[in-house]
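Have a look at the structure below, then the notes.
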Amino acid sequence: MSFFEGFQFENENENENENEFSLFRDCILFLIDGSFQMLNSSTSNIEIALKCFLFTLTDKIATNPSDMTALCFFNSKNEKNLNGFSNIYVLYDFQKPSIKRIKEVINFTSKNTNEQYSLQIGSSDDNSKTTFEQVLIACSTLFSSNQDANKADYKRIFIFTNNDSPNNFDNQLNEKSYEIGTKLMNSGIVFELFALDQNFQLENFYENFLFPKNDLNLQTRNAFVKLNENYVEDLYAQVRRKEHQIKSIANIPMKLPGNLEISIKVYPVIKKNPKKNLVWLNPNNLNQQLEKRTVWVSKTTDQIHRQSQIGQYCEYDGTQIPLTNDELSLLKYYSQPCLDIFGFKSKNYLKFLYNISTSFLVYPNEYLQEGSSTLLSTLYQKMIEKNVIAIEKKDQNDDLILQKGFGLIPLPYSDDIRKIPLKPLNYPNQIQNSIQNSIDFIQKFQINFDSWDFEDPALQQFYLKLHQLALSNHFSILNSNSNSNSNSNSNEIIDRIKPDSERIGKYSKLFSNFDQSINECVNKDNKEEKEKKKKKRKEKEKEKDKKKGKEKKKKSKKNKRKED
């Protein structure tokens, strides 16, 4: 069973609905700078940004087909937008990913992208660039003009630019842009900046734009991506990460001492990404979907019964107690889902080894209750100041409940962590040699590990085949531009979870030294144990011999007495 609101109980009865997450819709607007600087760079930044848009479309159509994407250029020569602003060109309005749109983008990027862009959209002169304030207003209109996009659970804008001052250091225009940007953030829109220049200076404009001084919304804190020397590969990888929005699993109240209550969102730290459910179709008409229905049939009479005609019972002490659906729901209800803080404890008591279960993150929900961010931020600062952690109550299932940036670490029971008895080792030379070999071995096999970089190869292979079936002839063009995670020769996904056999073979000598030093310690330890066991056996044998000698003497004395 799950405690959080938004979840259902486990499917204990067949008449209950399946336990599923509700459908979340994510809307992403790609906002690309179309100036001459983006075209005249060493690598065409516009082409790279368009390919990022293409990869997002191909991923969304397979993983999240209900999500929506849009594409807008600013600092363009031609104009096409609902506001009538000059130098802003909306190439695609918000729409679900489709094969038609993917093929259009493939055709746009497969030829000379710069030439295609110059003919259809073009770049504006330096003197006729649009203000960033107008760009933001056009973005807001794009969201509000589409009913589905405006009601989406997650609304984001991906900004691709190599210009760190879109208003040419005009402070008055910057202030207007900050004001519009703050309003958009307060309405639930999150900005993600992809800086297409290694010398990009965030403090010139985007620092105050992305992170306003009075902004306490942590969703914008990691909104800046500055590229390194691996220019193209790094950008593709960052877009792939950002396109998958982390979705909350619950909206619950948080209760503090003194009858204080705020609203929070609960996020999982890690969540398995499953394959999408298959859609059943009529074999005679593939455009006609099939749905699953449950029919209840009597065992004795084979009569079909409606849901309202079905009763349930619980057996107690041999007696069948009938229960209605309302009574079952009442039995399952314990209390209103909430996070109840009832005390604090010194942080020194929280040991690293206690983190043995999956943890959660909690952020304030300012949208449902104003002041939640301010109060939780104040609490967070005070807890850091006093070096304490918050202690929470459990629910009826012993599931720990959650706490902008608070983490939940489920504390283990006392018998979950057991002390392992370690024997002292009395041979320092072998130990020191083993430690040095271990250090050399570990240093050579260290990698830049990031759990976000390791994708499920089975899922990737599944979606790769889907792309091949859906895009047919266009897939070869798409695959040639994909990131290094796929093998271009065989169109097969590389399983990066497998051990690196090439690297292991390169440092095989280190491995053998490490293995040998460990075995020396173990063998010496085993020898000492064997010697100790031999001594114990000899001592036991001596004791047995002594006992036997004593018994013989006693018997001989008894025999003499009998003879006498």
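Cβ coordinates come from backbone N, Cα and C, glycine included.
Residues or ranges marked as domain 'Ku' by TrEMBL: 302-428. Over the domain 'Ku' (302-428) the predicted model carries a mean pLDDT of 74.
Taken from TrEMBL, the feature region 'Disordered' covers 521-564.
The compositional bias 'Basic and acidic residues' annotation in TrEMBL covers 522-531.
Counting residues of the compositional bias 'Basic residues' (549-564) by DSSP class, helix then strand then coil, yields 15 helix, 0 strand, 1 coil. Among the features that TrEMBL reports, compositional bias 'Basic residues' is placed at 549-564.
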DSSP-derived helix, strand and coil totals, residue by residue, for the domain 'Ku' (302-428): 36 helix, 35 strand, 56 coil
